[in-house]
Amino acid sequence: MKLTISHHKCAIRKVMAEFVGVALLVIFGAGTACQVVLSTNPSSFLSINFGWAIGIATGAWVSAGISGGHINPAITIAMATYRGFPWREVPGYIFAQALGGFVGAALVYANYFHAIDIFEGGHIRTQATASLFATFALPYMTQASCFFSEFLATAVLFIVFLALNDKHNGALTNGLLPFALFILFIGLGASLGMQTGYAVNPARDFGPRLFLAMAGYGKAVFNYRRQYWIWAPIIAPILGAQAGGLLYDTSIYNGDDSPIKWR
């Protein structure tokens, strides 16, 4: 009985760590975006990059030692594919991550509610402020370009994530992992972030997008560009992480826990 209770407590701690980690990610990221855009002294896109980078670092600090610090469904699924993460735990992780994104967005929205009203010119809600929470591509981007941008960025993310955790390749301790992820996200934002907002994380986009739909932005956030929310910030990151894992394991990884055994 004690063993069963202990097992359940461990499982709960893991999903709660993922929930809190994603909530922090969105609080820092979306909160910075709100402050940059809604302020009377707007700052630069680099400031938003720093906000999301700080969010990923703090989220990883909270969760890495407990849940592995995935805080991203694409990472969770790819870790199950390539590193033996239990598939039975994947649904719970993804639910907690999406809920964390929802709650994080709700808290930021509550904090900036009046500033959003002033910016929008009343109690109306448009994509101009929806984009502070969820991702929307620049107008010139084609559907294929949007997909590729998210696919590429997430592939890079997972390659580096695997390297940071690779004991055969100078793996970092959990204490240093957040700092490395901070640097990684600064780089991703600076190099690949402009055109789609570099979601690279289905929970960071879907959770806030669901909140927006319930907070007055309506179904437009889901109808945008023929259900952009499915194929760019969800499907592309999931497939991008799979591609990144395949590349890393076929070219660099030397461990025994990969499903790719031909080397």
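Counting begins at 1 with the first residue displayed.
Glycine too: its Cβ is placed from the backbone N, Cα and C atoms.
Owing to the predicted nature of the structure, the values given are computational and were not obtained by experimental measurement.
Features of the protein shown, as given by Swiss-Prot:
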- 1-18: topological domain 'Cytoplasmic' (TOPO_DOM)
- 40-45: topological domain 'Extracellular' (TOPO_DOM)
- 67-89: topological domain 'Cytoplasmic' (TOPO_DOM)
- 111-143: topological domain 'Extracellular' (TOPO_DOM)
- 165-169: topological domain 'Cytoplasmic' (TOPO_DOM)
- 191-227: topological domain 'Extracellular' (TOPO_DOM)
- 249-263: topological domain 'Cytoplasmic' (TOPO_DOM)
- 19-39: transmembrane segment (TRANSMEM)
- 46-66: transmembrane segment (TRANSMEM)
- 90-110: transmembrane segment (TRANSMEM)
- 144-164: transmembrane segment (TRANSMEM)
- 170-190: transmembrane segment (TRANSMEM)
- 228-248: transmembrane segment (TRANSMEM)
**Report entry** Proximity of the transmembrane segment (170-190) to the transmembrane segment (46-66), 3+ C-beta pairs under 8 angstroms
**Finding:** yes
Query raised in the report: Do at least three C-beta pairs under 8 angstroms join the transmembrane segment (19-39) to the transmembrane segment (228-248), pairs 6 or more apart in sequence?
Result: no
Requested in this report: Averaged across the topological domain 'Extracellular' (40-45), what pLDDT does the model get? Just tell me the whole number, please.
Outcome: 76
Requested in this report: Six or more residues out from either end of the topological domain 'Extracellular' (40-45), which same-chain residues have a Cβ under 8 Å from its Cβ atoms?
Outcome: 189, 193-194
Requested in this report: Grab the same-chain neighbours of the topological domain 'Cytoplasmic' (249-263) for me: Cβ-Cβ under 8 Å, and only residues 6 or more beyond its ends, written as numbers and ranges.
Outcome: 81-84, 162-163, 166-169
Report task. Work out, from DSSP, the number of helix, strand and coil residues along the topological domain 'Extracellular' (40-45). Result -> 1 helix, 0 strand, 5 coil
